[in-house]
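Beneath this line is the structure, given in structure tokens, with notes to follow.
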Ligand code: CP
Ligand code: NVA
């Protein structure tokens, strides 16, 4: 099988996503039944973190062990990556020793350069521009709770960031609509998001209007990793972009609430929403592991049976 990378959401087709969601459900069921499933025995995943993580680290690491494989964990501070070894050289070396690489870093171009020099599949564990593993898990969670997302409306309230960009890619590929509301100056940029047209998203100045009639309301931190210097300025700009009970009320009565986490209650979301009955954030976090196990299985073994 030719090497496939997962660097952005558009790297797979709609048909491949259908397969991944099906496999994630099968793999999750095995895990819940304590059924041993070791298709990745003797395989090694290298995880490179240039930014902090809880969910991504635990979900990839636990997921790889559960599938019989092992992991190597590297950070900028404890590897030569932090001492200016060229990314291309790091890719050549690391990919001769492991079967799969997951990278969390800053610019998307960095992960693309790594992938271009890697002998093994590379997975984007978050960049400034994209977070495809998170949207993979979010969609799997939506499907588990509500069925197909095709034709549905997702309200995005907050920053035009890596999560927003990836939602736009998913909407264009899988046939749903994103209602985007960001403060001015923090809009999504269609060229950065890498979507072909604006047909699958609508921009709203008022976050309440973005939520009206939505099937899913979702948000993210006001300040993403790497943008900490803008924190104070962002706190002022984003004050009205807090998902509250009134926003959930204008969404569909059975609307779900999601947040990739970590969350800041009282900033981008009120506690009564994230801790309320429409919130599925804990399922969403858990599903990172099941969805990524399906992803790793697919990248290393293709379409397996059983
Ligand atoms: N949602 C997410 O990627 O969380 P971590 O930053 O904890 O990995
Ligand atoms: N947009 C956030 C997501 C964290 C999981 C960030 O990039 O920091």
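Every residue gets a Cβ built from N, Cα and C, even glycine.
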Of the candidates 23, 234, 288, which one does TrEMBL list alongside 53, 54, 55, 56, 80, 104, 131, 132, 133, 134, 260, 261 as binding carbamoyl phosphate?
288
Which of these, 124, 162, 287, does TrEMBL list as part of the L-ornithine site with 220, 224, 225?
162
Using residue 131 (carbamoyl phosphate binding site) as the reference point, find which of the binding-site residues 162, 220, 224, 225 has the shortest Cα-to-Cα distance to it.
162
Just checking, which of 55, 131, 288 (binding-site residues) has the fewest C-beta atoms within 10 Å of its C-beta?
55
Within 10 Å of the Cβ of residue 162 (L-ornithine binding site), how many other Cβ atoms are there?
26
For residue 220 (L-ornithine binding site), which of these binding-site residues sit within 10 Å, Cα to Cα: 53, 55, 80, 133, 260, 288?
260
